[in-house]
Amino acid sequence: MFTIKQQLSLDTTHEVLVVGMFEKNQPLDGIIAECDRRLGGQVSVLLKEGDISAKKKQISKVHTLNQAGVKRLYFVGLGKEEELTFDLLREAFGKLFKTLKQAKRTEAAIALDTFVTKDIDANDAAHALSEAYYLATYEFPGYKQKKNEPEKRIESITIYTEADQAEIEASVFVGSVYGKATNSARTLVNTPSNLLTAADLANYAVELANKYEFEYEILEKDDMEKLGMGAFLAVNQGSKNPPKMIVLKYQGKETWENVIGLVGKGVTFDTGGYSLKPRESMVDMKTDMAGAAAVLGAMEIIGELRPEQNVVAVIPATDNMISGEAFKPDDVITSMSGKTIEVKNTDAEGRLILADAITYAKHHGASYLIDVATLTGGVIVALGVHTTGAMTNNEALFEQVLEASAETGEFIWRLPITEKDKERVRSSKIADLNNSPGREGHAIMGGAFLGEFAEDTPWVHLDIAGTSVTSKEHDLGPSGATGVMVRTLATLVERFE
């Protein structure tokens, strides 16, 4: 897919040559000046007339009309050099690859060094490029009858750079791994729930474990009953599909200590139970396992890159259905931790299955906990659809998660958990906890509830209800599942201190 070369010449035969262009007042230089000379000054003229733009994420195409071996020049606007960030560069590459895909180009050459600044070196640019390629060109395969005519797509990208070839190849590999794993998560989330049950999710995890030599454990219903996972089992009561508690373990150190626990909500479809969702809210509830997908995507990256860390991934997988056996408002259930819970809302089921998953992650030695869940509609009201809500009991761990999210462009914002919030989730008159104390501060109530099970273990909760799916196409992908938090979790593990 990617080939690294050093000597760039306009006489080289390519369908497309891609060049980065910054906004600046000085005369054209480097490869852009060479393009201008070959085309008899046309680049300068088109820049002056606005047909070529160096503004952020503007893509301009110029045909060379046989004045060079390269057929077409694509200029990628990058804005002011001092304002270019890794995230903006990744988006610019994403827009480029979408443009090339729409134009049905099958190969391209990229002058990588034209995308480099004093803050973004060639390795960063190579990572951004390869990651953006996979993210931007992703398509969910779907289930329509296939057309006989194969669709044209980019099959070859040649990267020209004067940087160390081995280092660039390594950066391209890492970016590709990040992009592919995010797409794996997207596909899981986009898959209809009749084709992705808890058993299917468990089978996927086992395949991942076998590929990357993870230790794994799949708890069946009988196992959960013996362990006292009453919160998880309550949610599954109404379903004909048995629950699965999925555990993957990666050991990158000699001893099993300082273990990072990744916990992902795996509700494969959520009707709301007897606290039934309205029709409009039930559509797309196949995506209620996006937290599980994020954790599995992160484990794919971990399996490929083999960081020197210890990681345990725990995923409670079930659907939340209605039947004569389903759990009900006013039920009292006992979690694996021994804490009792009064159910006031069967549509607040995610926190119930996560409660037992968090306890089980601690049972497997998790020293730090990060849970990821499409937990509440309240977080969408609070933060919208571009920012993930976060809550924590540990400043140092949160800062590491925050740094990882900033690096990957998956932005988070911290919400508080006060003593008053804790009192509200402990407000039941007949049980230790209340799973839904009220609508006020609903996102915080979900986090505060989970904090009761994290207890003193350093913990960060990530509510991705607003960010796991997008209704609009964007520079780094189509509408549908985003694969949010795959890259943040993997980056956190890689950089963890």
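One-based numbering along the chain as shown.
A Cβ is built for glycine as well, from the same backbone N, Cα and C atoms used for every other residue.
Note that the structure is a prediction, hence the values are computed from the model and not measured.
Under the heading Mn(2+) 2 binding site, Swiss-Prot lists LYS265, ASP270, ASP288, GLU349, citing sequence analysis as support. Counting every protein chain shown, 25 other Cβ atoms lie within 10 Å of the Cβ of ASP288 (Mn(2+) 2 binding site).
What Swiss-Prot lists as Mn(2+) 1 binding site is ASP270, ASP347, GLU349, and the listing cites sequence analysis. According to DSSP, ASP270 (Mn(2+) 2 binding site) is assigned to a strand segment.
Mapped onto three states, the DSSP output places LYS277 (active site) in coil. Feature annotation from Swiss-Prot assigns active site to LYS277 (among others).
Around the Cβ of ARG351 (active site), 30 further Cβ atoms fall within 10 Å across all displayed protein chains. Secondary structure at ARG351 (active site), as computed by DSSP, is helix. The active site annotation in Swiss-Prot covers ARG351 (among others) and is backed by sequence analysis.
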Open item on the list: Given the recorded positions LYS277, ASP347, ARG351, tell me which ones have a C-alpha lying within 10 Å of the C-alpha of LYS265 (Mn(2+) 2 binding site).
Closed with: ARG351
Task: ASP270 (Mn(2+) 2 binding site) as reference: those recorded positions from LYS277, ASP347, ARG351 with C-alpha within 10 Å of it - done: LYS277, ASP347
Open item on the list: I need the CA-to-CA distance for LYS277 (active site) versus ASP288 (Mn(2+) 2 binding site), whole Å please.
Closed with: 13
- [ ] Sort LYS265 (Mn(2+) 2 binding site) into helix, strand or coil using the DSSP assignment.
- [x] coil
Open item on the list: Quick check for the class: what is the C-alpha distance, in angstrom and rounded, between ASP288 (Mn(2+) 2 binding site) and ASP347 (Mn(2+) 1 binding site)?
Closed with: 12
Open item on the list: Cβ within 8 Å of the Mn(2+) 1 site centroid (ASP270, ASP347, GLU349 excluded): which residues?
Closed with: VAL235, VAL267, THR271, GLY272, GLY273, SER275, LYS277, ASP288, ASN320, THR346, ALA348, GLY350
Open item on the list: Among the binding-site residues ASP270, ASP347, GLU349, which residue has the fewest other Cβ atoms within 10 Å of its own Cβ?
Closed with: ASP347
